[in-house]
Amino acid sequence: MRYSLSLALLGVAAVTVVAHPHTPGRHGVERRAIDLDAFRLQPTAEYVPKEEVPDQSSLAFISNDNYVDVATDLVKSVAPGIEFRVVGDHYVGTNGVAHVNFKQTAHGIDIDNADFNVNVRDGKVFSYGNSFFTGKIPEESPLKKRDFSDPTVALTGATTVLQLPISGEAKAEAKEGTETYTLKGTSGAVSDPEARLVYLVRDDSLALTWRVETDIEDNWLLSYVDANNKEQVHGVVDYVSHASFQVYPWGTNDPLEAGAARVTLTDPWDKASSPFGWLSDGTSTYTTTRGNNAIAQSNPSGGTAYLNNYRPTNANSIFSYPWTPAMSPPSSFVDFSATQLFYTANVFHDLLYKLGFTEAAGNFQVNNNGKGGLGNDQVILNTQDGSGTNNANFATPPDGQNGRMRMYIWTYTTPQRDSSLEAGVVIHEYTHGLSNRLTGGPSNSGCLSALEAGGMGEGWSDFFATAARIKQNDTADTDYPMGEWVAANPKGIRAYPYSTSLTRNPQTYATTNTLSTVHPIGNVWATVLYEVLWALVGKHGLQVSTFPTFDASGVPTSGNFLAQKLVLDGMALQPCNPNFVQARDAIIDADQALTGGANKCELWTAFAKRGLGSGAKYAASKRSVESKTIPAGVC
């Protein structure tokens, strides 16, 4: 496992974020008119973790090799006499745990919010969850007297009560399944509404309802309309998950940056990069800072356990918490801290995905959705981690194992400062995961262990942090320090700021001959890459936004995002434990692969300015040789 113990801080370019914009012609429930949250079903499930599963040594079913039978026997033992069916979505996960789901029924009709899930491993019950209804079941089947309304009446009720944009005269056409219908002849929905007769647990009793399914774009609803009173909607489920985060948006480095202000962003994820959103892994949906890409929590003890640690939770997925710079101690604003950390890490996941850090490349996700690579490795984000102070770190095991980020409290000021609130810290640490997964391949996390390679690891992290904080009015004459907020030092935590000025930052490749630790070496490498960025901006312009624009060939149209793309692609091309010269060559090769070498002149000019011209040579035990020479014929 590779541990990168440094912190790198960056600010992000100031941008205007428009969250969840209204698009003309789109349909949905206006939340100001109808509060869907008022119809939200209440959770009733219990979960029995592995440590609490009763001893199974005396149970006959443990020897059964069929995990569905094992699970079924468990349900029968826990809920004797209850009618249920096996849901047909059982499978064995890549971790060897089988998952079997059950639905409670009454008179052959589903109780729609009464479920039982059993997890089986090695022929034994691993854990289980249970929300089966144990109250009174109606003595007689409603199907016998058919004393319930027509499903089209239920659609009318849902449309009226919830003010759905559906019109027309519906006609019910029977489908496979007990009392299941497609409702034809309407308009306003993406597809024909459907209705199914189900029971719903409501106020400790069962209500017979029509479950009316309507997809109206911004909302995909299951509305439980009373089967005898169309004006009574017992509950609503919305498949479309809306979440809001009150955070410093991408483009704000820290709370003291000019113009810094928190904003509330709704559903800020990129759908192509995070198809399940940030609060779902495609199987489970969460109302806390947990999802497919990351799981964020407080870790005051500094221990390795995290699943049961505290994290902010909101049933409506509204992550908005008070914070001012004067608040102290940091534990008093841990909800905001975890929210900000979760937000920044997820945005960076989505950006890197667009730049090429995908499932097959070894990115960090629970569910890779059949797109290659190994899953079950979202990033564990520990905020206010008690294992240290005045730093941060990121552990990168091979693909298929969780990355782990530890964000510490900085004690140089009163009140103390939380590194999760500085975007550059988060981006720096996450980039260690990127560079370690790409260099040498996702299965080898030891390819940045040599001194110069490890230094470049720090440099890449500084570079992505700095690239993210570029502002619209910045020029090649703009300098950026690293870590100025947490360290309370306007000069930052590096020897020199990132600058294209050889006066304000005189470092070149020859500087590495005087350095013996990774962070100073990284300062040199990131300085080189900062030159590359501005050389490409000079040719292609600047785009200050969260995500890049690509041309038809998949090339970023702006210089700042093109630089990030080439640096990322270069990581995947370079050898295990590369040196500066090899990494330079890999970036030039990346441009050749992406653009046919259209930027060769700009790249060589930038590299040569900082001593990585064509004559540069690496020497492990002697002095490396720098060169200011641009190859003939390149420019």
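Just so you know, glycine gets a Cβ as well, placed from its N, Cα and C.
Glu429 (active site) has a Cβ environment of 32 other Cβ atoms inside 10 Å. Taken from Swiss-Prot, the feature active site covers Glu429, and the record attributes it to sequence analysis.
Under the DSSP three-state reduction, His432 (Zn(2+) binding site) is assigned to helix. Every protein chain shown contributes to the tally, and the Cβ of His432 (Zn(2+) binding site) ends up with 27 other Cβ atoms within 10 Å. Residues or ranges marked as Zn(2+) binding site in Swiss-Prot (evidence: sequence analysis): His428, His432.
With a cut-off of 8 Å between CB atoms and residues at least 6 apart in sequence, the same chain places nothing near Asn473 (N-linked glycosylation site). Marked as N-linked glycosylation site by Swiss-Prot: Asn473.
The signal peptide annotation in Swiss-Prot covers 1-19.
Secondary structure at Asn473 (N-linked glycosylation site), as computed by DSSP, is coil. In the structure as shown, the Cβ atom of His428 (Zn(2+) binding site) sits within 10 Å of 30 other Cβ atoms.
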